[in-house]
Amino acid sequence: MAATLDAQVPVRPAAGALLSRAVREGGFAALITLGLSFPILALRTEQNMANELVLVPRWSWVALLCIAVFIARFVQIYFDNKLTRTLLVLGCFTLLGGLGRAVNAAFDGFAATVFTIGLLLLIAGMVWERRVETAGVTTPLSPAAKARWAVVTRYAGPVALGFLAVYPMAMLALAGPGGSIKWIDNFGIQILIYVMLGWGLNIVVGLAGLLDLGYVAFYAVGAYSYALIATKVIPETFPALGVWAFWVCLPISGLLAALWGIILGFPVLRLRGDYLAIVTLAFGEIIRLVLINWVDFSNGYAGLSTIPRPSFFGIPFNASDTGFAAVFGLEFSPIYRTIFLYYVIFALALLTAYVTLRLRKLPVGRAWEALREDEIACRSLGINTTNTKLTAFAIGAMFGGFAGCFFAARQGFISPESFTFIESAQVLAIVVLGGAGSLVGVVVSSIALVGGFEILRELEFLKQIFGESFDPAQYRTLLFGLAMVVIMLWKPRGLVSTREPTAFLKERKTVSSSLVKEGHG
Amino acid sequence: MEVFLQQLINGLTLGSIYGLIAIGYTMVFGIIGMVNFAHGDVFMVGGFIALILFMVFTAWLGVAVVPALVLVLLLGMVLTGLWNWTIERVAYRPLRGSFRLAPLISAIGMSIFLSNLVQVIQGPRNKPLPPMIQGNFVLMGEGSTTVVLAYKQIVIMVVTVVLLAVFWWLVQKTPLGRAQRACEQDRKMAALLGVDVDRTISITFVIGAALAAVAGVMYLMYYGVVNFSDGFVPGVKAFTAAVLGGIGSLPGAVIGGLLIGLIETMWSAYFTIDYKDVAAFSILAITLIFLPTGLLGRPEVEKV
């Protein structure tokens, strides 16, 4: 947290003055931390046997936290070089982790290893600092390195696509049918759903510049459309459709979501910026609350189950004689359905990206971007802002609906729990953190946020430090909120923040987005 | 009639709490034009601080309930103010002058962070306290249709009125309040005239959080329970109150809070309790769409 109070001092003051300033600032930060953590971290409320609340003190935690904050702030002020800072802070934190282990459990081999790593990091930091002091300031990227980087970025897209196309097969070959399900489902499909949602929302937020905090509503519309049609309408009215349910409902879900995009978009046409964000949030919550309370329609909190799974274009994935495995002469395994689902969402996501890229070249796409940059200028030029905004809402919602339909088919069960505000915030975070308007940025931030948190589940070694009751997965949302703040502070324009103009005279000049005035939408 | 009067009392009590939170939204919006999305969670943190402090005073130090409540109120205001001061310093100040949505997104992240931080360090379960203040006046009626004014409701309303008076004096009569209003009108000009803008904005956040902390204490006293997720819905309702009253207007925030409290209780009493949050969210949407300046707000001038 101290990393944000960065004051770049151009000339280094005398070492003594700097030291005392660093100590002072560090002490101040530690004092603030003490004040913040005094009641809420130091004393945990727990229920005893008689169901009464009792306080459990945790002063050692507060002490460790204050020391950590002091060190981070001290290092940040006292040392100029980024690598030095990182090494020193990491070293100190590792040492504190070892200390935590020693306090919570015992000073055993594990704690000793952690201590050693921490000390090594500290020594490395000191050595690096000495090198920086003797050799002077390190040079920025050389032209040759920049040229190499340009080559990397040019081929990154096709390589990534190729990788995604062979990913499930490669996983199957590497981990076998049993072990690969987790990798294809939790990482592959999960990330691709968010990539698709991010690309859909990107049309509304990134291209048209309309901040939508209720995008999950359209995701919910798509999911419930498929679930309700497939479980109630099709078996009664069109039983012949049977195995084709998913393929018939996919376009219907998208269209219904687009319709809702227009219905909800229409009243908010006059609003901009923060107000628009809040109203879309309200709409998203209203839809969720209606789904919870209108039990006859949506079955309330209990949700809808036994939603039919997608078929391989008419061939179901089951163990029967007409199932996928039997028809293709394979041994039955649930992995085939997972792999198929992976390719379905991969294709849907690619469709979203393709449509976005094509739309940007059409007048409506240009109008979206014009609207994002300056609404008043846009109106002065005779662009119909009503239609422009509504198409953005409708098309964005449609892709949300497709993703929702897929989600329902993949889970086989949906409930309002899956469509909370936090989902909207997550998708919005993916778009904004990736750099609004950038398709590649959405992929990068989806992998970082969704994949990163999936990996968090796997980090068993943290339990060794913090004790057995420590569950890394519960820090998922906490870290997600923190990541939103930190990335905003670090790169307010997102990770991929350069803009390629779609319309240009003579040559295509890439504009750094910090030069673009934006944000009135 | 009895039902109506009873709901009126309940609605005004609830409305006082919303009004106290709404002031934090409206002041911050007035001074830096930003929806402080994390304010509802600051209120929740205030509630937790109050809970823990109350237990420290009564269970550990053996203070009687009433002096303990006064101490909790004062200390809670200071500590919650410190929280909001830190949040502003760390998450919003570096983004001032950045593009418009950056602070909003940072605030959303902060809101998620705060509620989950409390979930992680205090546990996900409801935290119930035995009732602090019991007893009530029976105003009229007998049997099952009485109109009851509970002591805790009197405390809530009295504390709210007193605090609002103090706060009103602070904003209208002190140099601090003058600086604050100057920054609201024109930050650059205020800076040229020697007002420390950063400090004034910090103090605005601290005051907003202090009032939210009071709301947290009142909430804890009224419902006797607090949970890590209690920030979101009251936060949105208080924001609705601020918008309904006219964002940027302090009396508007209080009036809006009372209105939202009344609408919520009346809706629950006469229609259906299931859809009371839908009602609040609908009012938010309707107000923003049809009456964006609210009841007492100034119209926003669009500059090209």
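Quick reminder: no glycine exception, Cβ is built from N, Cα and C everywhere.
TrEMBL entries are annotated by machine, without manual review.
Taken straight from TrEMBL:
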type     : residues  : note
TRANSMEM : A:22-41   : transmembrane segment
TRANSMEM : A:61-79   : transmembrane segment
TRANSMEM : A:86-103  : transmembrane segment
TRANSMEM : A:109-128 : transmembrane segment
TRANSMEM : A:155-175 : transmembrane segment
TRANSMEM : A:187-209 : transmembrane segment
TRANSMEM : A:216-235 : transmembrane segment
TRANSMEM : A:241-263 : transmembrane segment
TRANSMEM : A:275-295 : transmembrane segment
TRANSMEM : A:339-357 : transmembrane segment
TRANSMEM : A:390-409 : transmembrane segment
TRANSMEM : A:430-453 : transmembrane segment
Counting only residues at least 6 beyond its ends, the same-chain positions whose CB falls under 8 A of a CB in the transmembrane segment (A:86-103) are 60, 64, 67-68, 71-72, 75-76, 79, 110-112, 114-115, 117-126, 128-129, 464-466
Paired segments the transmembrane segment (A:216-235) and the transmembrane segment (A:390-409) in contact, 3+ CB pairs under 8 A: yes
Intrachain neighbours beyond the transmembrane segment (A:61-79), with Cβ under 8 angstroms and 6 or more residues off its ends: 1-3, 5-6, 18-19, 21-23, 25-30, 32-34, 37-38, 41-42, 85, 88-89, 92-93, 96, 99-100, 129
Using a Cβ cut-off of under 8 Å, list the residues of the same chain at least 6 residues beyond the transmembrane segment (A:241-263) that approach it. 217-219, 221-223, 225-226, 229-230, 234, 308-311, 313-316, 390, 393-402, 404-406, 409
In terms of Cβ proximity under 8 Å, which residues at least six beyond the ends of the transmembrane segment (A:275-295) contact it? 210-217, 220-221, 224, 264, 267-268, 301, 416, 419-421, 424, 521
If one takes Cβ-Cβ under 8 Å and requires six or more residues beyond its ends, the residues near the transmembrane segment (A:390-409) are 193, 196-197, 199-204, 207-208, 210, 212, 215-216, 218-227, 246, 249-250, 253-262, 264-266, 269, 307-310, 341, 344-345, 348, 352, 355, 359, 364, 368, 371, 418
Contact set, same chain, for the transmembrane segment (A:155-175): CB under 8 Å, 6 or more residues outside the stretch: 183-184, 188, 192, 335, 338-339, 342-343, 346, 440, 443
